[in-house]
Structures are given as structure tokens and as C-alpha cells.
Amino acid sequence: MTFNGFISYSHAADGRLAPAVQRGLHHLARPWHRRRALWIFRDQTGLAVTPTLWTSIQKALDGSEYFVLMASPEAARSPWVNKEIDHWVATKPLDRILPVVTDGEWRWDPAAGDFSADSTAVPQALRGGVFAEEPLYLDLRWARDEDQLSLRHSRFRDAIAQLAAPMHGVSKDDLEGEDVRQHRRTRRLSSLAAAALFVFALAAVLTGLLAMRNAERATDATAAAHHQEKLATEQRGNAERFAADARRYEHLTVVEQEKAKRAAAEADTQEDLARTQKARAAQASTEAERQLANARYQRALAATAAARAQEQQLRARSAVAEAREARQEARAQERNAAKQEAAAREAARDAAEQKKNAEEQERRARTAAAEAGRQEQTAVGRRLMNQAEANLAVDPQLALRLGVAADSLQPDGGLRGELANLVTTNRFAGEIDRRVAEAAHSATGLTALLENSSTVSLWQASAGAVPVQVGTVDAVSAAAPIALSRDGRTLALEEEGGVQLWDVSEPARPIRRWTLPGSEGVDRLSFSPDGRTLAVTLHLDGTALWDLSDATTAPRLRRGAAEWADARGVTFRSDGRTMVTIGDHPAVWDVSDPAGEPIRLADVGDGPLHFAAFSPTGNTLVTKAPNEMVRLWDLYSPESPVESGAINTSGESVDSISFNPTGDHLAVSTMGDTVSIYELGRTPRKVGTIDIADLARPEITPDGRLFNLDGIGVTIWNVWPLGAPRLVGPPLDVDLMVQATAFLSEGKTLAAASSSGKLTHWDATADPPRQRAEVDLPGGYVHEAAFAPDGQTLAVSTPDGRVTLLAVADPARVRTLGEFRTTTPDYLMSMTFSPDGRTLGLLGYSSIELWDVARPDRAVRLGGADGLSVTKRSHAAFSPDGRIVAIPTNVSLTLVTPNDTSTLTRLASLPYRDALVYSAAFSPDGRTLALGHGDRRVSLWDVAETDAQPSLITSLFTTRNLVESVGFSLDGNTLAASAGKKLNLWDVSKRTAPVHHPATELYPGSATGNLLRFSPDGHTLAVAGDSQMSAARVMLWDFSELNAVRVDPGRYACAVLDRGLNAREWKIFVPERPYRRTC
């Protein structure tokens, strides 16, 4: 597969930054229809498990267009990074190398046409004129926080665009324009998708409306009823009109009747007149008859109208009744419709409620099933972890397999802390299934194994992992002994014809370089630490030295001494200029002149020696006499060795002796299946033992591993615990007592103020730390001191109670900000700033004062409290919000808070039997308070509720009395405690179940007082002594390896195992759960 880029980096330095760069290159300017904009190779995402690691990396390099180098001091020291660069330079054009500086210095020396010597981030493979002119690099040293490692961060996005532009083959501006176009296209597609979803949602809504059909029918029925009521109202109106007409007709009939009456009267009158007027009688009679007929007709019409009116009235009354009935029916139908609608709504509510209940029951069933499964997994995981801890001493491999299986059954990582503890406690580091006769080791982790088949195999070890075979030397008849140079570049072994020298700088392709004439019958081979000299000890001819300083010419036999004829071996000091012979007449020799005569400087002891070795620092020599007595010698002056100590092994046969990398501890293995660890102080002191079953032929490597060659195979053990804090360089010496320490510049600088009145700055990123500046503080002698949280301000005091506030951000321009005089009658014992730096607490033997120092030139006393009984050399502790102050006292811890009356209100006291309280620290979230006691205990208290009495969470135990200091890391997940001369670390991410990690022995008198300071990144801890009995020194401890183990302990466990539990073992130990692969 081809890649656009290959990322080469150091896991230790850029374990977070490299994945972020890879993600950025994948996503910047990515078209919507493609998974990635660029294909970038990184080992943790691009490599599968393979027996040919380097071959796989070579294929990825050969298939990559660009080489992205994440340059840092760690990467510069990494053999893998240098190896990858060498391969690229040999096979690819240099203009395809894209440097990205993540830490350290990257400088070009124009005069030399090469990188400057102080460029700590430049790998060796890029030096020596590889580049013809200065290369342009991308500076990412600023990118550290999580929010800075995303394309949403403008500066990081700009950096990724600058890096991705050449891979895309366009300018940076064009690439950013393309990214904008792709973003707009993606937004348009998203809008179309949203519109489609809206259409689907609308269809779903319309479909849902059909469910309201019954309600709509009820509504229609209601409307029809209203219509019927309206018709009835109209009919009633018509009936009323008909009734009015009938009454009008009836009135007309009455009128006509009255007229008829008047006509009848007129007829009678006319009849009377007719008698008298006969002429007119006939006419009047006729007229009368006519009028009478007309009246009758009118009466008939009136009767008819009245009948019609009565009929219309009846009809109107019937219409009104019908309208009333219709209205009543409409109202009944309306009521029925309302009832039906209510019933429908009730039915819908019932259905929804039943559906909701069913879903809730289903959810509860699923939750219950999941909880039951989780509880079962938790129980099984807990059982497996208990079995793992029980098997740790008997079968460490099985213990690790059980621990990994237990962790895999806890999806919430509930056992991760205990697995991390198991990994760091377990000394087993793997095994090699080869029958081995002899082994040789380098300081780089390369090991050569002479197998019984007379072949030599080369193995490379990495931290916390089983060595991987990286090469084979095609020797015809290799025989013991064999030797590797300290830098792992040269292998010496005996074959027919003499000692052969092989170049194994590329283990996959070893090259035979030279044969040393006259060197048959070898007893021992020893390289000097600088690799420029090889000592060859023969059966009959003693010891000879060969000069290997010029790799281009054949080795040259150096001048020897007659006394070397009976030497049975030699050991070199770290500078290669001093040598000690081993045998009946051991002596110290000056061999600094390759062309001159060796000079005998002094004898070592008064008898024969069977073994001798120098410490990595070069001034300490350890020897073993025939009586198995192990002695230590100080060779600071080689002309006069001084015996500095002895280790009595009680007559047990000593098999192997080795120093740790810093030379302050010694590992001694005996035939009693025990490796003893000694601290090399003024008097050697045993500080630990490792019991290894079937200890046969132990060999301790320079990197602190023990190879046990039992003839059947090779088992590997960690002499120094995995994850144990590592001392960064030797202790930093200061004048008189250390009174205060602080990390500055995001942890890159360590500052310390001492009683001598000096302020010292060290480069905390260097290994060993490098002093940057040392200045005298105004006023001279410092009685007590305290740094503000930001390290910009330093408070110093004098014995008479005068407190001075100093600006110390720039050691070259220290200036006084203000001063005041304490009013406490007590002897001032310590000072402490609040987290916001605005309040300064002054603690005396029986009182405390709080001062507002927000304006240093006008400090104001906030309040005080007396009647205390403060433990000697104690420090007060502020809660993160500054509202509570914890004061260690003799038999308790007192919590106080300032109020408005210039006094301190006592909140609570935390009694703890009769143990003195020496130290206190709040967790960063302010919910937990840690106390260090005089009976080797550390107690954790719940102080989340300020108005309630704190409650004890748990108690932790150190291995020594008197816990002088406690402190939380900035993330609150790590608790450190200094007790005696031992640093103790706990994982307190689960407050109720803290996990103790292996402690490390400190230098004598170096861990007293409350002067523990965590660096902002949480990887470094500064320990300083402020006790009058302690040495004036500061030490930096690096526990980044422990942090890495805690993040993913399963990966470290699987790294030393060939497998997890197999199916048969799973069935035995986990019969309740189906089989799963755990490694």
C-alpha cells in the first residue's frame, strides 16, 4: 500500500501530538466522498502484529511519498527514528523530508553547513552534512494542551495546512481555499440531506394525522347537529311569521264581521224605508240581499282565514316543537360527539401510556439484564483479579494473564488501577524459547545470545516488552564467550582462527569486519565503555588490549604489561582511561594512551578477586573475593582506592552483580534464587529482594533486566520495577536548606529558594537538569519562603517577623514589591499562598495569620487565630477556592475560614487517635483532604460539604514512620507522600479504593518536609528537603512511565506475554462467560 506520508516520532515525547497531526492530515481539505484527504502511515495505526517488524516499516517507508519527522530530544536519541532516517536518506530524495520540531532545540550553523552541536532535537542520522542548506521546519513546540491539537484550533489548522501543502502538490493558500470549498460543498450536501429528512418527517406527520379520523368524524357530527339546530331555528321563524299572518287574517275577518253587522243593520233600516218607500224597496231589498250574500261570503272568508290561521298556528307550534326536538337532538349528538372525542382521547392516552409502560418495562428489563451482566462481569473480574494477585509470586505469567482477563471484563475500567499495580509489581518481563549457552548485553537494549546450535541471534528490547529478534550472525562455529560494545554496534565472538569482530549497527545485516590474530582459546571478552578498546583474556596467555579507535583500519594490539599474564579479566571505568585487572593480583591501571605503556597506579585490596565492575558514574568499583564478600571502593583518585563499604552475603555464592543506570543502587544475585537490591549510601543498605524460582545463570543487563539462562530457555525479569519513578539526573545541590520550590514556564523551569538567600533556576526539560541562573535575593539570609502558585512572586521572611514580597519571574531583575511585619508573637514556622496568590498564610507554633497581598505594597491583615498546637515544620494548606485553611496540629487537623470581623472561624477539627498530623493537602477539586501522620499513615477525608463535619474515607499506609509531606497531582488522580526516605505513590482516581504503586528509595535525607511539587504536565515530581537534618538538595523524579502504565496497563501486560488466556484456560477460570481474546 502507498502512503502520502510516513510519520517518524518518539512515543514517549509525542504520544499525543503524532496522532493529532495524523488526524489533521487525514481531514484537512478532505472531499466529502473520500475517507481521507491524505493517507498517512503511523506505526500504531499502520502496523499489524508481525514477526518482521523492520521489514514492515521498510515497506511503509518505500511506499511513502514524504517523511514527516517529529523532532524532539527523545526522537533524536531513538535508534528507530535514526534507523528510519538512514533508510529514507539512502532510498529517497532529501527534499521529501518534512521536519516538525515538537521539543528541544533545532538550529542551523551556516558556517559549518550543518546543525549546531546544541541542537538537541536533531537526530544523529541528519548530522554530518546530510542537508546541503538549511531546511525549513514546522515549529509545534507550543502545541501541548488537548484543545490545541484539533483543526478547530486556528494555529494548529494553519500548521497542518503548511505541512499538508507539499503532499497535496499545491501552495498553502490553494490548499486552504480547497478546504473552504470542500467545507461549503459538505454544508450544501448536509442541507439537502436535512431537506430530505424534513420531507420524510412531513410524510410521517401526515400519516399520523390519519389516526385522528374518529375525532374528525365526531367533529363532523357536531357540525351537523349545529346545522340541524340552525334549520329548526329557521323553521320556528317561519312558523312565527305564519302565525302573524293568521292573526292578521283573523283581524280582517273580525273587521268584515263588524261590516256585516253594520250591513245587516243597514238592511233593517232599508227594510223599514222600503215599507215607506216601495219604489225603492225592491232595489233596497236586492241590495240588501246582495250585501247579505256578500257578508255571508265575507264571513265565510273570515272563517276560512281563521281556520287557516289556526292551521298555521298549529303548524308553527309543531315546527317549534320539531325545532326544539332537533335542537335537543343536536345537543345530544354534540354531547355524544364530545363523549366520543373524549373517549378517543382517553383511548389514545391509554394506548400511549400502555406503550410508554411497555417501553419502560422493556428498558427496565434491558437495564436489569445489563446490570445483572455487569454485576456478574464485575464479580468474575474481581475473582480473576484476586486469583491473579494470589498467583503473582508462584506463576507471574498466569497472574498477568488473569489480570488482563479481569480488566477486559470491566468495561468501565474498574480494575484498571489494580491491573496497573499488578503490572508494576510483577517483575516478570518475558521469556525467549531458545537454548542459550552465553549472552552479551549493550546499554541500548540489544542482546546477543549464543545458542546451543553455535549460532548467535540478536534481540532488541524495549521498555516493558519482550525482546524481539532482529538479526542473526552467520558464524560457522561460534563459542563462548561473546561480548557486545556498550553502544551495541560491535559484537566480539570466538570462532576458528580467533576472535571475530562483527558490525551489528544494523542487526538485520551484520557484517564481519576483522579477525584478531593469535586470539584462540578465549576466557573472557570485555569492551571499554567508549567501545575504543577490547580486552581479550586467553586461557594461557593472560589479557591483551586491542585498539579499536579507528573503524576503517584493522585493530591494533596495544602494549601490555607483564602483570597481565595472570589476569583473568578486566573492567573499565566509564571514561575508558582507567582499568582494573581481575585475578590473583588485582590492580588499577592507567590505559589512557593507546600508543604508550600502561601505568600501574595502585593495588586493589590485599587478595585475589573473582569479579570487578565499575558503576556507570565511574567512581565506584564493586569487587567480589573468593570468600564471596562484596566490597565497594571509591576510585575518585585512582592512585589511592579507598574501601567505602561492604556487603555480607552470608557465604552464599554470588552469581551476578550489576549497578542500576544511575549507579546509586546495586543488584546482587546469589545461588539462593534471590536478587538483593542495595542502596549505596554511606553504608550499603538492603532495600529490597526479588525471589526468582529456578534461578540458574543470572545476568543483569545495563538497562536493569535480569536474564536467567537455565539451559532450557531464557526468562527475563525486571530488576527495577516497571513504572517506578526515575531520578532525572543526580540531586541538585543548593546552599543550606531548601525553603521553597516552584515550577515555572509550564513546567520547563524549576525554581528553588534556599536559606542562604539564593534563588536558583534549573532547566527541568534537560536530563540531567541544567542550572540556568543563580542570584542573591535582597536581604540575605532567608528564614522562611513561599512561592505564589504562578511562581512570579516569592515571599521571604526574617527571624524578627519581617515579610518581603519579591518579583522573581526574571532572575536577572529581582525587585521588591512590598513588605510588612507580622503581628504574631510566635516564632514563624512556615508561609503558604492561597491558590489565587492573593492571600498569604503565616503559621506559628500556636497561631496563624492571613494577609491580603493582592497589592503587595499595601498588605492588609485579614484575620488570625491562636490557641493552636502546631506540629513542628508544618505548612498550612488552602482549599482550591481559598475559603478553607487546614492547619496541622499535634493530635488533629483544624479547619478555619476568614470572616468579616478580622478573625478566623473554626469550622471543624479532625482527630486521628493520638497520631501527630504533620502535613495536609487538598485535592484540586476541593472535595478530598489528605493528611500525613506520625504513625506512617495517610488519611483521606471527605470535605465536600463545608458546613458538615468531614468524614474519613480511608487510610493508607507507608512503610516508614512520620509522613512529612503529601501532595496531589494537578488532575487529582495521583497522591504522593514522603515518609522517611521513601516516596510513595497511590492511584486515587477511586477515592474509596486507592491503589498503591511501587515506591522508590530516595537518597539519604532528601525527602523531609512539605516540599513536594508536581509539574503541570503531571509527569515530574520535585522533592526537596527543608528539614535541618536533611541535605540541601532538590531531586526531580519522572514517573511518566507509571502514568503510561496506568492509562493502558493491558498493553504493557500483553507486551511481556506471548498470549492471553487460551480457550482451555478460559474455560477453567471463566466458565460463566464466552471465550474472548485478551491479548
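Cβ coordinates come from backbone N, Cα and C, glycine included.
Here TrEMBL flags 325-365 as compositional bias 'Basic and acidic residues'.
Below 8 angstroms of C-beta separation, residues 409-411, 414, 1072-1073 of the same chain, each at least six residues beyond the ends of the compositional bias 'Low complexity' (367-378), sit close to that stretch. Per TrEMBL, the feature compositional bias 'Low complexity' maps to 367-378.
Per TrEMBL, domain 'TIR' is recorded for 1-126. According to DSSP, the domain 'TIR' (1-126) comprises 53 helix, 25 strand, 48 coil.
The region 'Disordered' annotation in TrEMBL covers 261-287 (among others).
With DSSP classes pooled into helix, strand and coil, the tally for the region 'Disordered' (325-378) is 54 helix, 0 strand, 0 coil. TrEMBL lists 325-378 (among others) with the feature region 'Disordered'.
The feature repeat 'WD' is assigned by TrEMBL to 613-643 (among others). In terms of DSSP helix, strand and coil, the repeat 'WD' (613-643) has 0 helix, 14 strand, 17 coil.
Residues annotated as repeat 'WD' in TrEMBL: 910-951 (among others). Sequence-distant contacts of the repeat 'WD' (910-951), counting only residues of its own chain at least 6 positions beyond either end whose CB sits under 8 Å from a CB of the stretch, comprise 871, 873-881, 883-884, 886-893, 895, 897, 957-968, 970-972, 975, 977, 979, 984, 986, 988, 991, 994, 1010.
The transmembrane segment feature in TrEMBL is assigned to 191-212.
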How about long-range neighbours of the repeat 'WD' (613-643): same chain, 6 or more residues beyond its ends, C-beta under 8 Å? 571-575, 578, 580, 586, 588, 590, 601-602, 604-605, 607, 649, 651-654, 657-659, 661-663, 666, 668, 680, 684, 702
Restricted to the repeat 'WD' (910-951), the mean pLDDT of the model is 83
